[in-house]
Amino acid sequence: MAIPQASMGPSSLGQSGPGSMAPWCSVSSGPTRYVLGMQELFRGHSKTREFPAHSAKVHSVAWSCDGRRLASGSFDKTASVFLLEKDRLVKENNYRGHGDSVDQLCWHPSNPDLFVTASGDKTIRIWDVRTTKCIATVNTKGENINICWSPDGQTIAVGNKDDVVTFIDAKTHRSKAEEQFKFEVNEISWNNDNNMFFLTNGNGCINILSYPELKPVQSINAHPSNCICIKFDPMGKYFATGSADALVSLWDVDELVCVRCFSRLDWPVRTLSFSHDGKMLASASEDHFIDIAEVETGDKLWEVQLPTPAYLVLWGLPVFLLLGVWWDLLGLVLLGQYVVWRGR
């Protein structure tokens, strides 16, 4: 089945159809009440803390589905899990067994006790925090760099350096499908409905496959250069992509049109994360700050200053209620050996 080519997103203002800018996309005339309120909250309630995590560079971090634990993976071949207690992270356990760098990890979408790690040692490992042991080791064909768990919890997708994506049954721990791609595969993700599989590639495109059939559905020319990362908002309304062109583009999930672009970064966009309610989008790069934007208007909410580039940023679940306002944790990985989080 041939993949239909869509018109380019951020470069096709005024066009319509899948992969183009939506005709209702417009520039906000001024800060909204929400923006002003959030700016005031960030201004008055900002703090940053560092927690020693590994003996070498941290490559990946992820929150469990209940927001109580934070896992990190490192070049030192280990994973660590922290327990969130009030205003601090307490290191719970180290997880050893991989023979190479732990390059990415993710948690089960609904079971807060299980997480999976991907390594350059040509394996993935599933861990149970209740026993602190590896409950399954799955051999793969290449050095693994990407991993994600399907929203229904039944499948784990892992991508390697040879642009092969393998789909593994989460119960039997056996491969049930494998796809070799002819382009550079960067980040992989299911949509929230679990019926489509998305890949960003080195040609600036978003490739969409049906799931579980894995048949090509759409190829969107999203950016004029390398499309690096992709994230879906928790509400299922939008997904965002980041590119080497330093742009973040926001896409309508149902219409597959680009509704908005964010252009406040100067370096390739390495990482994206939506807040738990889908109202805020954090993006980061080699720029020494994290841009936090209001999703619906594109307005700048805040700028988190950093001493170094940030290669991973993620929002946690709301962790406590204060004065009627839910607060989030914004976690980020810097170049060092630390897990860093910022509370607002």
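In case you wondered, yes, glycine gets a Cβ from its N, Cα and C as well.
Between the listed ranges 1-22, 45-66, 155-176, TrEMBL ties the annotation region 'Disordered' to 1-22. On the 0 to 100 pLDDT scale, the repeat 'WD' (220-254) averages 96 in the predicted structure. Long-range neighbours of the repeat 'WD' (95-137) within the same chain, counting only residues 6 or more positions beyond its ends whose Cβ lies under 8 Å from a Cβ of the stretch, are 59-60, 62-66, 68-69, 71-81, 143-153, 156, 158, 160, 168, 170, 173.
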